[in-house]
Amino acid sequence: MSPKTKDLLRIFCKYVYYAGAGNCWYENIYQETIPYRMYTLISFSIYTIMIFLENLAALFGDFPEVEKNSAAMFFAIHNIVLTKMFLLLYHKDSIRKLNYEMSTVGEKLEEESNMRKQYLKMRVGIILYVISVYLSLIAYGVESARRALLEGSPFYTVVTYLPFYDDTSMTASLFRVFFYITWLYMMLPMMSADCMPITHLIIMTHKFITLCHHFEKIREDFDENVAVNKKHALETLKKGCLEGIFMHQKLIYLADEIHRVFGIIMSLQVCESSAVAVLLLLRLALSPHLDLTSAFMTYTFVGSLFLLLALNLWNAGEITYQASLLSNAIFNCGWHLSDIEKEPHRDIRRLVLIACAQAQKPLILKAFGIQDLSYETFVSVARMTYSVFAVFYQRGE
């Protein structure tokens, strides 16, 4: 049996808790004790210091070409990563409330087949993203170790201002290894910040699917019951319509909350994925003859960035698509067969027509309030990125 939305969110919040990003579940089952808060404070302080040293390396460091390019890339990406992690901590209370609302709205209407699809989509998407991220980081470690052993260069993965490049002492080497391990561990809260909005986007999509199925079901039930007891069938129809309309209003509110809480994070993810992918592809275009580990490192990094972009934009676009199907489901629920009420505020016909009009308004999430988060945006970003790569690749030849 597939976990329901409530169980799914609770399981995900458990991993966020162990990653050091705090308790995002609305119940206090993952307690933030004093030792846990110290663990969070120390780990985030180390991340901040490391990224500060990376910024110094990018701005003032004197490095060979390979390390200089890496410093510029990490300057672009890790500041965004740190911002996303702190935004997750900042919005923790809002996320708890959002998780409660997402868990309870339409809980009684959830169907096993829909929950199975929701679970598989989340599981496959997140696991693929985690694998792609750590493949890239391990490739960085292997490439740096190879260069250190064969070429005698210092072991560099993340490029920091300290220790200095020409410092080959044991202490400097230990610090470089420590920063690499820190980088590996920093990916846990980073992926928590990345996957939290993706999780809510997937759940919101399936909430709209559940709602469409609800309106279809009340019409089927009405057609079965009307021959037996028309009055009871009409009462059941009216009750089902009101329940569905209330859920629709709640979903519109939750979509606004998702945009408020995760809007900046999703916008930063679009910027991070597109900008850094361009930088990495430029490296490929300008250095077409890379060795195996360098090429694997670059391709896996580009792959993880495009996968993150796809998970955000595809799932946001899927919300828009599923929400667009709702107006037809509401209109065909059988509301026109109900009797006209003398009191307008009790007339289900009026309420359904208003709900249909609301459902026809496109539900579109936007990055920075400007760019639509949609399938079309993903195709545009991918095309633009490839165009830049193709131009520089042809020039390189």
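Glycine is no exception: its Cβ is also placed from the backbone N, Cα and C atoms.
Here's what TrEMBL has on this protein:
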type     : residues : note
TRANSMEM : 38-60    : transmembrane segment
TRANSMEM : 72-90    : transmembrane segment
TRANSMEM : 124-142  : transmembrane segment
TRANSMEM : 261-286  : transmembrane segment
TRANSMEM : 292-314  : transmembrane segment
Feature contact check the transmembrane segment (72-90) with the transmembrane segment (292-314), CB under 8 Å, 3 or more pairs: no
Long-range Cβ neighbours of the transmembrane segment (38-60) (under 8 Å; 6 or more residues past either end): 20-22, 32, 71-72, 74-75, 78-79, 81-82, 85-86, 89, 158-162, 179, 182-183, 185-186, 189
Non-local residues, at least 6 beyond the ends, that sit with Cβ under 8 Å of the transmembrane segment (261-286): 69, 72-73, 76-77, 80-81, 83-84, 87-88, 91, 94-95, 98, 193-194, 196-197, 200, 295, 298, 301-302, 305-306, 308-309, 312-313, 316, 365-369, 371, 373, 377, 381, 384-386, 388-389, 392-393, 395-396
Contacting positions for the transmembrane segment (124-142) when only residues 6+ beyond its ends and CB under 8 Å are counted: 157, 180, 183-184, 187, 191, 194-195, 198-199, 202, 293, 296-297, 300-301, 303-304, 307-308, 311
